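J.: So TrEMBL has the following annotated:
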type	residues	note
DOMAIN	2-202	domain 'Porphobilinogen deaminase N-terminal'
DOMAIN	217-297	domain 'Porphobilinogen deaminase C-terminal'
MOD_RES	CYS232	S-(dipyrrolylmethanemethyl)cysteine
Amino acid sequence: MGTRGSKLALAQTGHVADALRATGAEVEIVTVTTPGDKSMAPIPTIGVGVFTSALREALLRNEVDVIVHSYKDLPTAPEPGITLAAVPPREDPRDALIARDGLTLGELPPGATVGTGSLRRTAQLHALGLGLEIVPIRGNIDTRMRKVTDGELDAVVLARAGLARVGLVEVITETLDPIQMLPAPAQGALAVECRADDVDLEQLLTATLDDEGTRAAVTAERALLAALEAGCSSPVGALAEIVEDLDAEGKVVERISLRGTAAVEGEEGAVDMVRAIALADKDQAAQLGKDLAAELLDLGAGAPSGTAE
Ligand SMILES: NCc1[nH]cc(CCC(=O)O)c1CC(=O)O
């Protein structure tokens with residue numbers, strides 16, 4: 001198995017390796033350095049895929065047979081020769097606040113500094129209207145947290161799942177409600193890939209690791225992202241959940257609920273967020289994502305010039 005060398009990547013790969021070893025498979029873990037680990041430039045300028053393409057190259061060169069990504073770091077376009085063999089059960093997808101003195105978002109005073117490198121988090125924090133000052137930051141989980149413990153920033157926002165996987169949930173001062181902060185599409189989910197022609201391995205990975213509900217949810221969120229990428233350059237948040245609903249005969253059925261948000265240009269160049277929600281049958285995940293994207297575009301997502309930067 002190939003992995004990046006970060007604490008988070010090693011934890012994620014180790015978790016998948018343990019599940020495979022439990023089936024009797026023999027697993028060796030190989031560390032691959034990616035350009036995203038070497039460069040400390042802001043992510044929006046170095047582009048999506050900086051963490052994932054080097055791993056995929058090692059896979060296609062037969063140097064490794066299985067790779068594990070944070071699903072949200074994958075580009076939406078499929079990669080020729082590579083199969084998504086499994087989407088394991090998702091961790092909590094929500095974002096988390098780590099603030100000084102145990103503060104919550106609502107308790108931070110106007111002017112408080114909040115660090116994030118994400119346009120999605122920045123746009124949603126601005127839209128809350130709390131008067132927070134958003135400071136662009138990068139680095140691994142430890143580097144970001146240290147900015148709060150060292151007193152350089154009042155708070156940082158990170159994915160709860162990443163903190164959970166490296167055993168740091170106790171530093172979280174508030175898990176953010178998706179009503180305030182919709183996570184990145186596929187946040188908290190993993191993508192396990194192998195070569196498309198490695199059919200036996202693909203079957204083993206699917207049978208051992210794949211979770212149908214997570215796959216459906218992530219399919220809806222990523223379809224929304226792909227459709228919005230085509231239509232605008234706005235930051236996007238999305239969260240799909242499997243919910244219980246009543247069918248025409250009053251029987252309880254499972255359906256997918258999808259919430260989405262994207263930035264729009266408000267008055268005098270201010271960033272506002274538009275939001276929408278829709279519900280569909282579980283086998284309509286991809287269509288649900290596309291439909292919700294169309295609704296967000298109708299509401300002005302990304303228009304007129306795109307607010308991504
Ligand atoms: N952007 C980097 C990244 N990619 C995946 C995670 C966390 C784990 C996950 O969402 O699955 C993180 C860190 C973060 O956003 O705080």
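Cβ atoms are placed via backbone N, Cα and C, with glycine included.
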J.: Considering every residue in the domain 'Porphobilinogen deaminase N-terminal' (2-202), what is the mean pLDDT value?
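T.: In the predicted model, the domain 'Porphobilinogen deaminase N-terminal' (2-202) has a mean pLDDT of 93.
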J.: Which residue counts does DSSP give the domain 'Porphobilinogen deaminase C-terminal' (217-297) for helix, strand and coil?
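T.: Taking the domain 'Porphobilinogen deaminase C-terminal' (217-297) as a whole: 34 helix, 36 strand, 11 coil.
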